[in-house]
Amino acid sequence: MANRMSMFSVGSEGPGNQRAGGPQTAQVSTTTLLNAIHNIYLASQPHQLESSTSLVVNTWLTAAQGNPTVDSTLSSKAWEHARRRAEDGCVILGSLHQSTPSVLTPFLTSFPFAIPSTLYKALDAVQPFLRCVTPYNPSTPRQAALGVTLTLNLTGNLTAASLALSQGGIDTVNGLLNIPSEAGYRAFDVFYYLLTSASTPAEREFLGLQTPSSYTLLSRSGTYDPPSYLPTADDGASADDFRQALKDIGIKGSAHRNFISTLAGLLKLGNTLDYGVESEALEEICEDVSGLLGIEPDTLLRQCSTEDRWTFIGGLYESLVDWVISKANEAIAAQMIRIRNGDESPDGRGVITPTSDQASGDTVSITVMEVPQITLGKALSMRSIFDDSQGINAEMIEDGVNVSPAGSSVLREMQQAVSDVGPDLGIMTGPEGRERQHELEKREVVLEKIAYAAEEGGFLRKLLFPIEGEGINLGRAGRFDLPAVLGSNRLWYHLSLHPTDDSPAQLAALPSITSAWSAGTVSRQLRSWRLPEWANRRNRNLDFTADFDIDEFASRYAVLGCKDGKDGIESWVLERGWSNGEVFVGKDRVWMREGAWWEAESMLDLKPEHNDMNIPAVNINPFGSGFDTGYSANGSGYFPPQGIEPSFNGSNEQLMHSRNFSQSQVTVGQQNPHAPPSIAPTAMRNVSNGDYGLGNKGDTYKDDIYYNPEGDFTGTMDPELAKNKKLQTKEVSFGRRVWVGFVWALTFWLPSPLLQHVGRMRRPDVRMAWREKLVLVFLIFLINAIIVFWIIWFGRLLCPNFDKAWSQNEVKTHQGEDDFWVSHYGKVYDITKFWRQQHSDTDVKTTTENMLPLAGFNLDNYIFPPLNEVCQGLGIAETTRLIFNETAEFSTAVHTSGFYGNPTSKLHDPLWYWNVFEPKIKEYYKGDLVWSEKDVQSQGNNMQRPWAIYGNQIFDLTDYFKTKDVYKDAAMYNFLDESVSDIFKNNPGQNVKSLLDQVIQNSVGNETQHAKVMNSWLCVQRNFYKGITDFRDSPRCTVNNWILLAFTIIICAVILVKFVAALRFSSKRRPSPQDKFVICQVPAYTEGEESLRKALDSLTALQYDNKRKLICVICDGVIVGQGNDRPTPKIVLDILGVDPKVDPPALPFKSVGPGSEQLNYGKVYSGLYEYEGNVVPYLVVVKVGKESEQGKTKPGNRGKRDSQILLMSFLNRVHHRAPMNPLELEMFHQINNIIGVDPELYEYMLMVDADTSVSEDSLNRLVSACANNAKIAGICGETSLENDEKSWTTMIQVYEYFISHHLAKAFESLFGSVTCLPGCFTMYRLRTVDKGKPLLISDAVIKEYAVCDVDTLHQKNLLSLGEDRYLTTLMTKHFPYMSYKFIGDAQCKTAAPESWSVLLSQRRRWINSTIHNLVELMRLKEMCGFCCFSMRFVVFIDLFGTIILPATCVYLGYLIYRVASHTGQFPIISIAMLAAVYGLQALVFILKRQWQHIGWMIIYIIAFPIYSFVLPIYSFWNQDNFSWGNTRVVIGEKGNKQVVAVDDEGFDPRSVPLQRWDDYALANNLPGRRGGYQEKHDYGYPDQYEMDEIKSVYSAAPQGSVLTGMGGRNTYMPPQSPAPFSNMNSAPTMQGQYHDAPASIRRQSMMSLGTQMQDMHRSQSPYQDFPTNRGSVMNLRGQGSMTPSLGMAGNRASSAIGFTGGHRPPMGPDAMQSTTSFDFQRGHVGADDAAIVEAIQSVLHEIDLDTVTKKQVRALVEQRLQTELTGERRTFMDRQIDRELENM
């Protein structure tokens, strides 16, 4: 009889007596995996990641000093599956670190069958060709993949074996041709063995071997010896072993000589690769090599270039390795024949009995594939695990297996990994593939050229042409196709990790071989290969290791009772108890997990009648019932069985030290199985496996609702089903009426039919919003137009020619080659286009040297008319000319015309000035030359300069009087009438208009005199004109400038203060650790897994007391975001590690929305999340929506504002001890009783967006700032970009983000008036410090922030777009004397929009919300202060800049045009302001050492038109771009009434019942009575928080949470959903956490596996449902009857004082006795006498009677009983207290 023993079953490991489990439900995190890896490393054991994957940790030290760790179980699995299933298998030996040693040989030895010794010798011979020494690994493999194929028959015996490289070949570049030049690197080991293993001197002489330093290929790094830290490393000894291995595989004699000759030839040929080698040396080398290789020297010397020789060396080396492998395979095959014939044993030591089986029978193969390259191993592994488009994953999906797609970030990383090594995976389409193809083709050409030139029949030709007639087939023949192997085998993974990044030399100094450990290094390896996601995905969906055809399955297991067909198989599977996903019956195949498969195979082996099947049996204990499988109950070798040992550490904080324990382990059952099932949407109570009850992609809807056993709805009204349609009339405020009237006044000319039919605006409210938008855009345009008009054109109206006048100094500023201005006779000219022209007909050339000195000059003394021509009628001779007071500096520039002109030129013409010069110069006229009237007067008075003003014209007679003085008043030079000249002489600098007019008037009677006076005056006007007075100094021209200057000063002052503020807030003081309780709110919408994980991990890793922070994630609907593969809530729950089977009830609450949308449902999850050693409690609220929403794409979605209100309203009700809705009651229960913190302890709320990661010290800095300043109500930190270089849209935002914080917000914060605390990173104070007055959670803020009917344009922009800014505005409005701060030390990173469309959408929201918030800011009473001297008013002005951004851009464009076109004066002030603005900002960067932002500033300046013009214009016009909905349509506004058509059933507040926590806790036997709000203050708690007996783990008394680990003594029920839904019952399930067993039956702890196993006869699961007589709790609306629990011994809700850490013994003789019963006479539930006595005795034993009053004792007793005693009960209590005191 054939041996039927299963080696695998005998050798199985793990706990026995456990049934093979279904899908793994525990979530694997990096930390849990890291801890497991550390433990197995210390124990030198493997770790099973999932059924087909094992992890080991090895170093060269563990490999050298002992056998490296391998998983023999994995090899046994592969063997069992191969022989039993007759399917090929492949074990991938992957390496996650470059320093991991090879485990190929040790893994082969772990197979449960004999391996022929020749195979090991073959590996010894081949590995020196593939490995080399590197600084990080003394034996680094350089091949892509090396496979050992073991061929087995179906009995599991080895029939053949072979070695092969993959077609990816060997990395000859890094291993030979171009080894790194750093110390520690060597080439392939074989070359060093060659140089030290020559057996005889003759052989060494023949080969011409020298020292390694003589060879270019070996000398690059300067390292020639093996590492010194290897105690037994010696090239000589290794070379001897290598030579012996070659002999063992048949390489000896001539084959060996050819082999070593080729190796030596390659070494020498490497010396030709140096481009600096001389020609003679090159010839000599080629001569030597040709003799060794058997080829003509000219072939290498002349037919091959240096590049060709490079290619030839690499190709020939690979060919040589292929030849060695082929010889090895021949030797292995020969030994296998000898073994089969009985001539030899597998170990080669002797003969054995010949085997009876034949090799010609059916066979299977197991390929052990070593993949040392990290990139390749990662790519092929992740592809097979996460890629659902191919391989077995695709087969599963096609067959109907429910496979959840991998996360988008995982898929992106997988795709990147595959693209990096595409050619090795057969992907030749990308750039890497094309490059590889080019290299292969080039190699083939070179090798073929040399092969044909080689000796016929020589060794070289045989190497290159191994198969005659096929040419060069290197890389194909004798190698395996890696993608084909992966696609045709069942894959198993054996992955090696390395414990540290330390060098191997450092490991040698360690005290033990397992001392090396770096959590960061190992964690990086785990995260790089996505092993946590790997484990979660495989264990949850894909961990099927066996699959059968339907008929095959039925046939194989027919002997075990399996029937034919799918129905028969499914029935048999259920009979076996495989109902939890262990077996899946698909369309065509049956899929089995490892535990179930092995259980079936074990049972099959036990069947005697099954002996005819050729399957080995196993020796299993018949009493084990097939459970002794070596697998844990859940089918995983790593994950612990369900249930977790409780913690008895006695800590008063009691946060578990376990990892990622979700609500599934810590929340107990709920309600009565006889209570009516929930009305909550069935899709929200989806019991499908592993779906969190959230449905598939957020839209699964199962029509199976039952309201009560009869199918009737239990309430009086269903707001979801009612279809009321009605008109509502709504009061409109006076302000709204004024605005509507104003809008119609401006848009009356646009008839509504035109908008309705042409504009396609069918709804009246949409048309009204469009009109409002049009008016707003018009007003904004008007404001911008006014600003632009005021700055640019208003001054022109007041002073039309102000830009056509220049002073002499201003003219002098134009002295460039392209800016050539001059003045002449009171006029200014721009002769830039003229001065280069050759305009002289004399020998004087127009050159730059001649002309440029005149730029900016006054040319009165250079170009002047003949005196007799310009002053006619005065008898001036043509020879008369004036002597100029200022001598011309450049004589070549003097243009003297007339009599003294050059006779040979046109200047000799007396009329040249008027005929030639004047017409030409007028073409370049710019304006008047102006003189300050003060300067004219000053020079006239002080210097006696004879010039004067006539009207506004200035005339200077200095040259006239100088000439007279020189010529002693000669008559020919005294040509002006003395009455005229004397006026200028006697009144220098004065306005002589009246005097001169008087002289003219007096001369009228004397014709001769009048003629001379008039001719003299005309001469003065034509020859002595200097310009005009500077009118720009007049009030008319300066008033506008003064106004602008005033605003400029204000702006500059603000900029300066901003600068100072930025410097002021640059301190980096490290505050002391804070201890305030903080809620970290994270609203999640459509973010991706990567963003969510970053956000949650960053919050968990905050350097803050983990017990005092709570992560509260609010998922805004069940929505699949763009790029995601599953809804956002599922992503969040996956990250947090929540059990996918957890399906809490959907509880109603009131949302922010119109009409019936106010009714919403939510689910609450809680637990602990661990990241990098930080364990933080979390609360997840998923808004799942109403029943009617489940078919929609966004069920439950109400917006971010609703998510904020949900938490704010909850905390408001907690603060006021007000009645709560069912969802809030559940939240309170989870926080208070499960997490163990009284919600009222939380003092701050940190709001963080789901795509934001917070720096570690940020929270502590924010809390510290608030603790130091009690006036701070809100505070934010700096938000920077994490994707700053992702695209051009992100690059233009970097500078803006930085400067908006360090200038804008720092400036606002200086005065405590930050106007927008960003929702992505802001912390609010919940209540004031002194009196506990609510702030963020105040009624006023919540009321205004929670407006439901958002039906106007203003409200839409406030509440739908800018909720963060509006919330800040509301806080400022209601708490104006509180501060709103910014601190730059608290930092976070967020993802900016990476595309233009997203940036447009974001800025539309920001800009429009800013505009509409300005309206709200204007209404604040404290806005302007006294005479507008208020910093908030200054902040308002700063924000006003948003509206005038387009005007700013237009003005800057205008400035650029003016400067570029030289059409006006240079705007010095404007340019100086801009320089100051950006200069100060750059100075901020420099002082803060943020050098990179200077570059970002330049990018921002380039993109300034986008920010200041494009985005604002787009935003302004899209103010009405909303989804308006159809439930509420405003059909008209008249007077103070607004008419609304409601096509909606409306919202009935009764659909969301409210109940005080105390009542709810009492009714449901829950701990934590709080008392009312008044009671809170009456008992003396006005300024502090009440901390009763079990409210918090931080109170004096330990809390009563199930997290405390109290065994089975104290389990609490989660809140029952109140009326009108009665008890929202969970459907019975074996796995769900919500069940209906009463407390008396649920005594065992959810955390205790031991109790579960002991009570296995009673219950297979701690979640088992038991019937009970417990009555339903009275609903909140007083409906229904109260059923007494007759004869029920219910478990009382025990006090933490009584059951934690041994503080006191159980209360009374029976701690499980009920404390409540129904009193038929009094008609209410109360404590009976026994319970009161017990409570009194308990309290009196614990208190100090010397310090406690009787009143306090009474209060403690009532607190212990969790009820208030009145009437007879109170009298009994008082009497009993007295009696007990007497007896003490």
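FYI, residue positions are counted from 1 along the chain as it appears here.
Just so you know, glycine gets a Cβ as well, placed from its N, Cα and C.
A quick note: this is a predicted structure, and the numbers were derived from the prediction, not measured.
Pulled from Swiss-Prot:
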- 1726-1782: domain 'DEK-C' (DOMAIN)
- N153: N-linked glycosylation site (CARBOHYD)
- N157: N-linked glycosylation site (CARBOHYD)
- N634: N-linked glycosylation site (CARBOHYD)
- N649: N-linked glycosylation site (CARBOHYD)
- N660: N-linked glycosylation site (CARBOHYD)
- N686: N-linked glycosylation site (CARBOHYD)
- N885: N-linked glycosylation site (CARBOHYD)
- N1006: N-linked glycosylation site (CARBOHYD)
- N1408: N-linked glycosylation site (CARBOHYD)
- N1521: N-linked glycosylation site (CARBOHYD)
- 1-25: region 'Disordered' (REGION)
- 738-758: transmembrane segment (TRANSMEM)
- 774-794: transmembrane segment (TRANSMEM)
- 1043-1063: transmembrane segment (TRANSMEM)
- 1433-1453: transmembrane segment (TRANSMEM)
- 1466-1486: transmembrane segment (TRANSMEM)
- 1494-1514: transmembrane segment (TRANSMEM)
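Cα spacing between N1006 (N-linked glycosylation site) and N157 (N-linked glycosylation site): 147 Å, rounded to the nearest whole number. Across the range of the domain 'DEK-C' (1726-1782), the DSSP-based residue counts are 41 helix, 2 strand, 14 coil. In this view, the densest Cβ surroundings among the glycosylation sites N157, N1408 belong to N1408, judged by other Cβ atoms lying within 10 Å.
Sequence-distant contacts of N1521 (N-linked glycosylation site), defined by Cβ-Cβ distance under 8 angstroms and a gap of at least six in the same chain, are R1404. For the transmembrane segment (774-794), same-chain residues at least 6 beyond its ends with a Cβ under 8 Å from one of its own Cβ atoms are 742-743, 746-747, 750, 1040, 1044, 1353, 1411, 1443-1444, 1446-1447, 1450-1451, 1454, 1516-1517, 1519. Cβ neighbour count within 10 Å across all protein chains ranks N153 highest among the glycosylation sites N153, N1006. Of N153, N157, N885, all annotated as glycosylation sites, the residue with the shortest Cα distance to N1408 (N-linked glycosylation site) is N885. Recorded residues N157 (N-linked glycosylation site) and N885 (N-linked glycosylation site) have their alpha carbons 124 Å apart, per Cα-Cα distance. Separation of the C-alpha atoms of N885 (N-linked glycosylation site) and N153 (N-linked glycosylation site): 123 Å, rounded to the nearest whole number.
Within 10 Å of the C-beta atom of N885 (N-linked glycosylation site) sit 14 other C-beta atoms, taking all shown protein chains into account.
DSSP assigns N885 (N-linked glycosylation site) to coil in the three-state reduction, outside any helix or strand. In the three-state DSSP assignment, the secondary structure recorded for N1006 (N-linked glycosylation site) is coil.
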